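> Here's the feature list from TrEMBL:
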- 12-33: transmembrane segment (TRANSMEM)
- 63-85: transmembrane segment (TRANSMEM)
- 97-125: transmembrane segment (TRANSMEM)
- 145-162: transmembrane segment (TRANSMEM)
- 191-214: transmembrane segment (TRANSMEM)
- 226-253: transmembrane segment (TRANSMEM)
- 265-285: transmembrane segment (TRANSMEM)
């Protein structure tokens, strides 16, 4: 019989895990909400952020500098990707399928390129914060708590940017009606590049943050990407609030499921939940909360 203490522990683990996945998923849903592009290279951009963070910490021992360089470096990669690949593919008549194939091809290219240049071995990320906190019967690893806090602060900063800045107003205008925004004088191509860069930057920062948990290697981004993909579908494509709610729900569900079932069975359950949502709630949680 499973004890109440174990269930409380798994609930806490699920909330912390959900916060980490939320940061990845928000970047993915931001790109979709503004550009109607599902970026299959999102996980590979996360991987690039992990490598940038790892090598920066090894060279400087500065966690803050590692986070900044991972975020800025992958932002630049995202902007270049949009201008070189995304905007050209969006002009084609078969844009929906070519964008999927194009971003998937980019993911494979980045993964194998890094494998050739840096090797495919798993590289251990330095432990950021030693020790745990104990709250009654619940044990919280300091690393996971700090990662959750950083993810939460980053998401709040993103909300502030989108809600209260000129660029944020332009992003919201383009997401609602790109043609009308263009008539109002908004440079939509520039906004698309900034949006794709922001989404990629969140993935890059996520890669640096989760590296202590997953280590760093060329294929590290696929599992977080799949989980974020499930979260985005359940939350509602393009809905940031729905994505946040789905991330926490998915994190808790995953942790509780792992109490009784294997990781493979848990992943099957999560994809099953995604299929259920696609059938009965096509817009995900967004249908309920927005």
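Using N, Cα and C of the backbone, Cβ positions are placed for all residues, glycine too.
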> Of the listed stretches (63-85, 191-214, 226-253, 265-285), which one yields the highest count of Cβ-Cβ distances below 8 Å with the transmembrane segment (12-33)?
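The listed stretch sharing the most Cβ pairs with the transmembrane segment (12-33) is 226-253.
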> In the same chain, which residue numbers or ranges, 6 or more beyond the ends of the transmembrane segment (63-85), come under 8 angstroms Cβ to Cβ?
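Contacts with the transmembrane segment (63-85): 41, 45, 48-50, 52-54, 56-57, 102-103, 106, 128, 150, 192-194, 196-201, 203-205, 207-209.
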> Looking only at residues six or more beyond either end of the transmembrane segment (191-214), which have a C-beta under 8 A from one in the stretch?
20, 23-24, 26-28, 30-31, 34-35, 37, 39, 42-43, 45-54, 66-67, 70-79, 81-83, 86-87, 125-128, 143-144, 147, 150-151, 154, 158, 161, 167, 170-171, 174, 181, 220-221, 223-224
> Mind checking which residues reach the transmembrane segment (265-285)? Cβ under 8 Å, same chain, six or more beyond either end.
226-227, 230, 233-237, 239, 242, 245-246, 250, 253-254, 257-258
